[in-house]
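Over in Swiss-Prot, the protein carries these features:
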DOMAIN    1-92  domain 'Pyrin'
DOMAIN    143-465  domain 'NACHT'
BINDING   149, 150, 151, 152, 153, 154, 155, 156  ATP binding site
REPEAT    750-770  repeat 'LRR 1'
REPEAT    779-800  repeat 'LRR 2'
REPEAT    807-828  repeat 'LRR 3'
REPEAT    836-857  repeat 'LRR 4'
REPEAT    864-884  repeat 'LRR 5'
């Protein structure tokens, strides 16, 4: 039987005579060739019924079926059917549009409330509207657009307007036949569905069949909002599906749609907030951004004169503009609505409801108080408190369950009656969403959920869903972004004398000291070294402290932390960091990342008006100047991946320069890290901070240094006041010429550890360094030269240096093309008794087993060499056998041997086992990434269990072995308390000594 979704086509087939139907099938063969489709065999078509042919067409050609059929109707002289089908399809599409128009007209007028004429709103969103048209201007290519912006900036309102305009016939008419709008958080309680079911839920009864609708996916747009409130993780998945009919877990359906596995030719328009942006964008294909940057001054004016009568609106606007902090809040549409609503109530009650400087929490409180007074008047505070508490319980239960749409059972369970619901709707605390209820704005749910904890009493009934305050604080500060991300500011904002005083007339005494104590207690636990949980997003905390603004409490919180890592992405972030960090008197270590946008000198219209850009520049400069005051008191300043301009560098220099009131002896800075820094300047910064007597460590990894800047650096290092001992200049684009400059200056410096990894020094650069090493004044102890484009020729220079240098103990030559001939030269130097080298790193140097004879000779005669790393070389079993002979020699003193990734097999395990038992000094052996099997592992484990084995670290990836082998290793570890079997055992130490750092992201 034909599927009901395909009935639309069948009804036209029924109107064909048998002769016409037969002719239709014959022509179908040619039509398949015309459309370049894989043909259905004639045997399948010849005797098939009309019902079966419909099924076959939709199965094999779902996207071309109507184009083919309409064309074939013409060829069998049934133009009437072709015309009739087109008219009927168009009528059904228009009926869907009409249905959506009525629905979104109701949503626009009843639930959106922009409080301004459409022409004024259209002026406000003109830039975003043009961006939308530009993205979807193509007639055929699928596109993905994301509407971005902080909370309350009008993203959902913009999408609703776009949906209404499409349904009204004024937007993207030639581009999309169907536009579907879904608030994805409404699916939070749906565990399984199909895309077909999801679409069907939006279709009126008179619509086309799903097969017909989806037969042309390039003419379909999905509008999706509410990702911030979605409780599913829509991560990159491999278990995706392209079948829109198939029922799947809800997150799989959404992921399949977003990742273009399901209906890849459709287009997407998504609303993403702060929480969801970083999670969803990686799933999308070539997303283009539409930025909602908030209301301009002109837009605020439009809003005020529309919300109030014109004369009163003008007066309100003027008053708001005089109040700069309040006017700043007005750029957020939801905040402007609350402010105007409160002012309207104050106007009619002849009360001054908003003072000169109010926080977001205070604005919400004033709005709620105004609404309560207008409805409940002078009723008892006990009664009003009871009513408020039911609303707060609904809100907090929803937050913990990640529910934002409530049904009648949710209201009943939380003691909200029908009459209560009517009151809350009138007060604009709640709004109707279809057959359900939502909070009027998401921030109201966050506010009421937070207020629950202030109203909570010990005698209250236990609620199994609602977590404790410490649990909630853990969700906010120690875990990934979640549904509580935006609510956190209200905890700090309500916990102020001002807000509690505002609440008192309506709801009686409310204590906030207990909440503050809980916050302090929890944050203190995060700051302890032994605590497994850490402060993941300090920026969240900074904005909370700005919301609080009570100096004593803010200082009390910030003084809990000695180390903080923070990412600064815009001017607001910098202001929040400046406010909070200046109150952290116990702060010692600051890791600061400043993104390009913060100090950019080029205006990008995507991020707002030129006027706002200039204001941001002004405030960023002021905040940076203030923030830099604390640098002199830090022990560690990490400016990794910071984007600076010339003026910012000047401020940084000034902050680290001595003054009559701030002599050099007062500065505490010991470690400075400037990795991957842009616009580093001309090097004058070195002359400033290298004077600081406490500064011992400087890391510039990934920051490009010209020859002139290198010369400035070296000149400063040579200065008598400079005390730098560790200098890490990896990946700084230092040439062999710059290396020559450096070698000349470093001879008389105090530098003991020098890393030049990942620089194109070449053999010529090493020649200069070796001249430095041969100078008796050189005190260098560690030299890191991995990835420096060296060959065996460099080893000839190093040979001479090793013979004469009395201080060098660590030499890293990893990942250079040294070959056996180069290592043999080094071995000749190591055989001399006066060679002081203790560690030699040679991983990835293109060595073979041939060089192991010379290395073995070194191991048996050199008493100083304690560490030898030969990983990632073609040593093989034959080479290891020679090395093991040396390890068994009584004069071998090596303690640490790296043989990871050396193409070893079981054949060398017997030799290794003997060496483990015989060598009294060997403490660490790395065999990671070698193809050892169970039998070889058994031999090693037997040796590890031997009483003469001194090994305390074995490098192996336990997870790569069979279950039986893993059991063996676990048993050995259990028996030998001092033994650790580790994967990548030395990576952390190697990166630290090389000074290698990662480009900043939120995880490092």
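Placed from the backbone N, Cα and C atoms, the Cβ positions cover glycine too.
Owing to the predicted nature of the structure, the values given are computational and were not obtained by experimental measurement.
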Shell list (ATP; ref centroid = CB of 149, 150, 151, 152, 153, 154, 155, 156; cutoff 8 A): 273, 292, 294, 332, 333, 334
Helix, strand and coil totals (DSSP H, G, I; E, B; other) for the repeat 'LRR 5' (864-884): 9 helix, 4 strand, 8 coil
Residues near residue 153 (ATP binding site) in space but at least six apart in sequence (CB under 8 A): 292, 293, 294, 332, 333
Tertiary contacts of the repeat 'LRR 1' (750-770) (same chain, 6+ residues out, Cβ under 8 Å): 701, 717, 722-736, 739-740, 742-744, 779-791, 793-794, 797-798, 800-801, 807, 812, 993-996
Set of same-chain residues at least 6 away whose C-beta sits under 8 angstroms from residue 149 (ATP binding site): 155, 273, 291, 292, 293, 294
Residues of the parent chain within Cβ reach of the repeat 'LRR 3' (807-828), under 8 Å, 6 or more residues beyond its termini: 752, 757, 773, 778-796, 798-799, 801, 836-848, 850-851, 854-855, 857-858, 869, 872, 993-994
Residue 150 (ATP binding site), number of other Cβ atoms within 10 Å: 15
Candidate with the highest Cβ count within 10 Å, taken from the binding-site residues 151, 155: 155
For residue 152 (ATP binding site), the number of other Cβ atoms found within 10 Å of its own Cβ: 24
Tertiary neighbours of residue 154 (ATP binding site) (same chain, Cβ under 8 Å, six or more apart): 125, 292, 294, 295, 333
Structural state of residue 153 (ATP binding site), classified by DSSP into three states: coil
DSSP-derived helix, strand and coil totals, residue by residue, for the repeat 'LRR 1' (750-770): 9 helix, 3 strand, 9 coil
Packing count at residue 156 (ATP binding site) (other Cβ atoms within 10 Å of its Cβ): 19
Local confidence of the repeat 'LRR 4' (836-857) - pLDDT mean: 97
For the repeat 'LRR 2' (779-800), residues assigned helix / strand / coil by DSSP: 9 helix, 4 strand, 9 coil
